[in-house]
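Report on one structure; see the data block that follows.
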Amino acid sequence: MRKILAVAFKDIKIRFRDVRFIFTVLLLPLLLIFFISSTFSFSYEPFEVNIAVLIEDNDLGKIFLNDVFKGEELKDIIIIKNVSSVDEGKKLLDEGDVSAFVYIDKDFSRKVYENEDAKIYVYGNPNESIKPNFVKEVSEIFALNVMRYRAILNGLVGVLSNRINDKSQISYEALNSFFKELSDALSKERTDLLKLNTQLATTRSISSFEYYSVGIGVMYIMFATNMFSEAFFEEMRYNTLYRLLTAPISKIQIFAGKVLGVFLMGFIEMLLIILFSYFVYGVRWGNILNLLIVSIITVFTFSSLSLLLASLTKSESEISSIGPIVALVFGFLGGSMWPLFLFPDFLKKLSMIIPNRWAINVYISLLYGDSFTYISKSLVILTIFGCVFLLLSLVNFSRRDYV
């Protein structure tokens, strides 16, 4: 392990003596964050909530659709797409066309009236948190109030039944009390919906400085690791690699040291951007442990990609010209230049195969304060990208007798 660390730190020292490297990789991204954020000022926030809806129940289900989702409080926020089957709704969800899918089966009203377990099914888009949770809360408010109405009406029916059996008169006060409870319940539902509407409208938005700290940061991890990968060819040019091979150290240890050096350089790059944006722009990166895990996985993925590019090129000049092009293309398609919600649909779908998109989504989720469970799917996808890139680079380097 000591030999691996020695190789890694040797490469890092060499890079930090390179003025071009320091400016291009360490200083330029900080300047870009400032200039791009100042030029393209915006707030990254939800404007509308697109949902798929399948309501098979024609009683309470239709009330839910018409009085709640299409009601005065939510009509400007909720954009409804009616579907004809559960599979169609889930397909729209999987494709990212909607934030949530709401399904009410045909027996919902009957179950409510017969005191059975009645459910409103809400499926959320795993790549979003705020909008699906909003739809879920709206549905829960309706469901709770349906239960409240049922309890009130059951009580009223009970009183009426007792009075009829006793052949006694029903007092005006008793009826007035029940109708007051019903009115209060209706008023509370309206108030709760208004509160949710206000919460969504005032949801913490992501500033342009915060967004580009993430976008430029992710893109420049690849620039940093690309430039660091040039060390493979520099050592061959200066014959230092052959000297290393004659030393008491194995090829696999040399390769592991190079890989570790690339990883550490990418991590230093991201750490610098995080600290700079925190102290200069006040960017709040969320939970520190989650941020550390996300950064490690993100840097691993882009380090592996840079190693793959190095394994596919034949000279220092090739990787120094191809690497930046790949970084810029991935940055553009992945959302580093501007947010994905501004992209046309075909580019949104294309971005699904770009690691930048998943890395940016995870960091944005951290800024919103999302839990580790919520971001875990994107982290798994990033890890798969990284493992595939690393495996392919190992195969290519072994063919060239570097490993």
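Counting starts with 1 at the first residue shown.
Cβ coordinates are placed from backbone N, Cα and C, and glycine is handled just like the others.
Unlike curated records, TrEMBL annotations are generated automatically.
Summarising the annotation, TrEMBL assigns domain 'ABC transmembrane type-2' to 176-400. Feature annotation from TrEMBL assigns transmembrane segment to 21-44, 211-233, 254-281, 287-310, 322-342, 374-397.
With respect to Cβ pairs under 8 Å, the transmembrane segment (374-397) is most closely packed against 287-310, considering the stretches 211-233, 254-281, 287-310. Counting same-chain residues at least six beyond the ends of the transmembrane segment (211-233), those with a Cβ under 8 angstroms from any Cβ of the stretch are 11, 14-15, 21, 24-25, 28-29, 32-33, 36-37, 40, 42, 44, 241, 258, 261-263, 265-266, 268-270, 273-274, 277, 281, 283, 298-299, 302-303, 305-307, 309-310, 315-316, 319-320, 323-324, 326-328, 330-331, 334-337, 339, 356, 359-360, 363-364, 367, 402.
Residues 40, 42, 44, 211, 215-216, 218-220, 222-223, 226-227, 229, 305-306, 309, 313, 348, 350-351, 354-357, 359-360 of the same chain lie 6 or more positions beyond the ends of the transmembrane segment (322-342) yet place their CB under 8 Å from a CB of it.
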